[in-house]
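Noted in TrEMBL for the protein shown:
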TRANSMEM  29-48  transmembrane segment
DOMAIN    29-427  domain 'Major facilitator superfamily (MFS) profile'
TRANSMEM  68-88  transmembrane segment
TRANSMEM  95-112  transmembrane segment
TRANSMEM  118-136  transmembrane segment
TRANSMEM  157-176  transmembrane segment
TRANSMEM  182-204  transmembrane segment
REGION    210-229  region 'Disordered'
TRANSMEM  252-275  transmembrane segment
TRANSMEM  281-304  transmembrane segment
TRANSMEM  316-334  transmembrane segment
TRANSMEM  340-361  transmembrane segment
TRANSMEM  373-395  transmembrane segment
TRANSMEM  401-422  transmembrane segment
Amino acid sequence: MTGNESHSTGRIRREWTAMTERAQSGRGLILLSVAAGWLFAQGLRFVLPGILPTITASFPSTSDTQAGIAVTVLWATYGVVQFPAGIAADRIGEARVLTASLLLGAASLLAFTFTPVFGLFVVATGLFGAATGLYGPPRGTLLARVFADRADRAIGLTLAAGSLGAAVLPAIASLVVDGFGWRATLGLAAPGFALAGVAVYLTAGRAESGERNETPDLDDNSDATDSSTVTQSIGSSLWVAAKSIWNPQAGLATLAAIVMYFGYQGITALVTTYLVDHKGFVQAEAGVLFGGLFLVGALSQWLAGRIATNRRSARVLAAIAAVSVLPLVGLVVFDHRLLVAASVLLIGVRMGFAPVSNAFIIRCLPPDVEGTAWGVVRTALFVVSSLASTMVGVLADAGQFDGAILGLAGLTGVAAMLYLGLPSCQARRLLDRV
């Protein structure tokens, strides 16, 4: 090799290294901004049930059933918009949908100021659920694409950030709500949503713009596509998405995830009410324990994401579901405050299933309709599971609060058995990428 060739090779190697480092840095900023947005979106969604005893006390004659309905509305609206959010992510890009979600979330938090009656509170709750619901599908597909080599870990870190928000923000809200009032407490989080939206736009948005600029236009008249063609394209995408969801791998994984989310929604919706009304805790104590549940959840999600990278995902999911039965039973059986507190905290272990389940299902979906299909899956997950809080509320008013929690424990055991029958999607996804 001549001196000039050696010099040229060395220069190319240095340029390649510098480009790789810039790419890695850009990926890190995308992960950081998306995780920060999820911290606020997830955290505030659990501030509402975290301070629910204080909220319902401000509306005379509000029952556990009504409280459960409010939480159902929160999660149902969150679930309904998952599907259109997935379509929007495929059409206009994940970054724009993520940014819109955070800015609308900030606006909807301010809407709680105008809720003098419980009915308007439920409406505001629905608006907030819909705003944050836009975040889920593009968050998952963006990270799965940007971190294709380690999607489990990236999604796990992001969900762990959300769990951290769900731990810290409800705990803080429970401590300050008596001094500020619940409406002002919620409104204080609006600036955080707005700042997170700007951060996502500046990182993920610019990255998407670069990708579009690098992709040549095959048809200069593409903008002239008529509405009928767009409608037909959406219909075709829906058909392909539906077929992909009903394959044995994705279908069984989705069913198991629905069962796990059902238990998750049912217990987190009214656990603070259960602690206050049945276990002798005060609002501040219940709120801090509720936040601690999500700290355990954050650790569980981080650990599960790392383990699933090197282990069969189905076995990790089955183990998490099986272990998650125990704290639900303990919450009912134990009367000692320390044991009850430990049971509440260990409920967070079940949250470790989310990053592994999300990455597993996404790997089973065709890349060309990934956002649409994932939106359909998430709509099913959250709309069905949102009914759990109303079910628990109705049973609580009927004097069967303990029975409701034990029923959730039984369903969690069913999920463990479903996961044991789950095959792997990895081989299929690798073939799809060839």
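Any Cβ shown, glycine's included, is placed from N, Cα and C.
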Mark yes when the transmembrane segment (182-204) and the transmembrane segment (373-395) have three or more Cβ pairs under 8 Å (sequence separation 6 or more) and no when they do not.
no
Pairs 6 or more apart in sequence, C-beta under 8 angstroms, 3 or more of them: is that satisfied by the transmembrane segment (118-136) and the transmembrane segment (29-48)?
yes
Residues of the same chain, at least six outside the transmembrane segment (157-176), with any C-beta under 8 angstroms of its C-beta?
31, 34-36, 38-47, 49-51, 139, 143, 182, 185-186, 189, 283-284, 286-288, 290-295, 297-302, 305, 348, 351, 354-355, 358
How about the transmembrane segment (316-334) and the transmembrane segment (401-422): do they have 3 or more C-beta pairs under 8 A, pairs 6 or more apart in sequence?
yes
Hey, would you say the transmembrane segment (252-275) packs against the transmembrane segment (401-422), going by three or more CB pairs under 8 A that are 6+ residues apart?
yes
Do you know the mean pLDDT across the domain 'Major facilitator superfamily (MFS) profile' (29-427)?
84
Taking 3+ C-beta pairs under 8 angstroms (sequence gap of 6 or more) as contact, is the transmembrane segment (29-48) in contact with the transmembrane segment (340-361)?
no
Selected stretch (most C-beta pairs under 8 A with the transmembrane segment (95-112)) from 68-88, 182-204, 281-304, 401-422:
182-204
For the transmembrane segment (281-304), distant same-chain residues with Cβ under 8 A (at least six beyond the ends):
46, 49-51, 53-54, 156-157, 159-161, 163-175, 177-178, 268, 271-272, 275, 316, 320, 337, 341, 344-356
